[in-house]
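These come from TrEMBL:
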type: BINDING; residues: H231, D233, H287; note: Fe cation binding site
type: DOMAIN; residues: 213-347; note: domain 'Fe2OG dioxygenase'
Amino acid sequence: MGKMAAAMGSVATLAAEPGEDAFRKLFRFYRQSRPGTADLGGVIDFSAAHAARGTGPGAHKVVRSQLNVSSVSDHDAYRAGLQPVSKWRAYGLQGYPGFIFIPNPFLPGYQWHWVKQCLKLYSRKPNVCNLDKHLVTGETQDLWEQSKEFLRYKEVNKRRPRSLLEKLRWVTLGYHYNWDSKKYSADHYTPFPSDLAFLSEQVATACGFQGFRAEAGILNYYRLDSTLGIHVDRSELDHSKPLLSFSFGQSAIFLLGGLKRDEAPTPMFMHSGDIMVMSGFSRLLNHAVPRVLPSPEGESLPCCLETLLPADLPRDSVVEPCSVEDWQVCASYLKTARVNMTVRQVLAVGQDFPLEPTEENKRDVTTGFCHLDDETSQVKRARLNTDC
């Protein structure tokens, strides 16, 4: 508890900037935090054994969450690369009804598939990405092919220019989110990846959301200096369905706040393989990522990513084999990066998009930009090589 008290003391003594609310103050504190010091003592770590016993930092807020164990067969979980639901640990937080945190329920080695899909497959056309605004169509057709040799020999030539994959900041799937209008539309849609839809459906079902449909995805690609600004995900037309979040790669700090920004958020770690579900009351809460944490061992992978994906996969598995060459590229990338997949259901059953007033008012989705922290977004929009 000493580290937690020290961390809270540091936050309390941080001078507030003019007009700064409680969420922004804590965001700034963790953005400037020093790993390995008491600064992170107040961050909840759901993956630690003491989280379940209620003795760690912030553990007075941690409660066990019940999952619908019988709703997902062990075979369907296995097909998605997940452990049987009976072996998952799930937690919630007092004061945040509808929030569920599941520390890494993936089978050993199976995170490889999802990382490879984010870097190799989901980044391809016809999916939309932040680079579309700055490059001609042919240059963004297959970012993996243009980047794999750069990443494979990253250790040899650290002074080389960043590859296109390293400049990637977001990709949209299914109903493509328009960053300018903050809306989805029926006329900008491409088929949602079937493997990610299956994974999402199993997780949603285990959390009590039968019939969840994966209709839109936003993938965020973080470097060690990246942040995700304070925001609320309210653009989906049906808020009764959960938002699912999957993390891979380096750890990060996630801040979950209240309905208003003057409510101080609760900080927690997100490690590789962790899943968060935001539903009900928690579905429309302010949240942000102020910090991606470098590995304490330098440029290295989290230990859960060091296990090989088994060669013998179920015949009907949605997970595909990953070659050694492909994983070399993925591993090189993830040593200094993090990938997050968020999956949403946009429409209720039988619901349609409202008609737009005029065609002239529509704007091309590719003119958008990533959702960055308000204080730095004006600068970072112009800095393609770093944060957009």
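Any Cβ shown, glycine's included, is placed from N, Cα and C.
Feature map: TrEMBL annotations on the structure.
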residue: H231; record: Fe cation binding site; Cβ neighbours (10 Å): 14
residue: D233; record: Fe cation binding site; Cβ neighbours (10 Å): 18
residue: H287; record: Fe cation binding site; Cβ neighbours (10 Å): 22
(message) What does the DSSP secondary structure composition of the domain 'Fe2OG dioxygenase' (213-347) look like, as residue counts for helix, strand and coil?
(response) 19 helix, 47 strand, 69 coil
